[in-house]
Amino acid sequence: MEKRNQSHPDLFFLYGLLHDSSFDILLFYVFTIIYCMSLFGNVAIILTIFLSSGLHIPLYFFLANLAVLDICCISTTVPKMLHNFVMASFTITFYECAVQLFVFSWVEITELLLFTCMAFDRYIAICKPLHYTIIITHKVCVQVSLDIWLIGALSSAAHTSLTFTLSFCNNREIEHFFCESPPLLRLSCSDTTSNEIFTLVTDLIAGILCFVCIAVSYCFIINSISHIRSAEGKRKAISTCTSHITVVLIYYGTLFIAYIKPHSGFFENQDVILSIIYGIFIPFLNPLIYTFRNRELINALTKLSSKVAK
């Protein structure tokens with residue numbers, strides 16, 4: 001590992017995943033496979049939805065948005081990490097760090113809002129099916145998507161600018177494998193009170209409010225499903241919601257533990273472990289979760305694969 005001159009004004013030094021660099025080659029191959037499979041799965045979902053006319057409905061429009069976000073999320077952190085493994089260099093420039101923080105925060109906030117929109121879409125589809133095509137039009141879907149991407153970008157821009165107006169003194173070693181807000185705030189020698197208040201407020205608004213909206217939507221959905229007499233109707237309604245609930249619970253559960261947990265000495269690198277889960281493994285798992293038991297998507301993928309094979 002290179003000697004870390006921490007007084008360099010334009011560089012940060014990433015802690016990495018482990019103290020022991022002897023595992024770097026193994027980690028390189030593991031995360032290369034995960035990254036490639038994640039890209040393949042999410043790109044396959046986007047192309048299948050785009051090329052299959054039967055999937056041109058709001059449910060899959062939002063799913064395509066989620067796939068794009070997952071690609072952005074994992075591409076923000078993994079390529080730089082793989083580069084560091086190969087070059088045995090754990091430096092990141094000031095501007096690269098700012099871009100990482102901006103994009104990752106943008107994706108994080110936008111996904112929270114998108115999960116809420118997807119829950120509302122399922123609520124209208126199951127609880128008010130006769131009004132679904134009137135309320136959830138293609139124009140509405142496009143407008144909502146643009147709005148949540150814009151809100152995410154503006155919130156992330158404010159968050160990033162607040163972070164990088166702080167002073168970073170001689171110690172520039174980030175105790176993480178990428179530039180995320182908590183380790184950067186711990187590294188600063190400025191007063192971070194305003195940053196912490198802003199983070200708390202945005203987390204409360206974007207996180208808790210979105211979760212409450214999702215929970216309320218699913219309370220109504222569960223109530224409506226319980227009144228469906230047809231076994232096939234119940235099965236279809238449950239199958240369209242199960243994957244979304246699973247993804248939301250994993251995502252929120254990990255974020256909740258990451259940001260609200262007390263510090264524990266049981267896991268020395270618990271922040272890094274949690275960040276790997278929600279920053280790398282969730283984008284990798286989402287395509288698998290959404291295609292599992294989804295007959296429409298599986299059939300469309302099969303048809304598209306057979307066309308490509310010919």
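Placement of Cβ uses the backbone N, Cα and C atoms for every residue, glycine included.
Feature list (source: TrEMBL):
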- 41-290: domain 'G-protein coupled receptors family 1 profile' (DOMAIN)
- 26-51: transmembrane segment (TRANSMEM)
- 57-78: transmembrane segment (TRANSMEM)
- 204-225: transmembrane segment (TRANSMEM)
- 237-260: transmembrane segment (TRANSMEM)
- 272-292: transmembrane segment (TRANSMEM)
Remote residues contacting the transmembrane segment (57-78) - C-beta distance under 8 A, at least 6 residues beyond either end: 31, 34-35, 38-39, 42-43, 45-46, 49-50, 100, 103-104, 106-108, 110-111, 114, 117-118, 121-122, 125, 136, 138, 141, 145, 177-178, 240, 279-280, 282-284, 286-287, 290, 297
Positions on the same chain near the transmembrane segment (237-260), where near means CB under 8 A and six or more residues out: 59, 108, 111, 115, 118-119, 122, 125-126, 182, 203, 207, 211, 214, 218, 221, 224-225, 228, 271, 274-275, 277-278, 282, 285-286, 289-290, 292-295
Confidence summary (mean pLDDT) of the domain 'G-protein coupled receptors family 1 profile' (41-290): 87
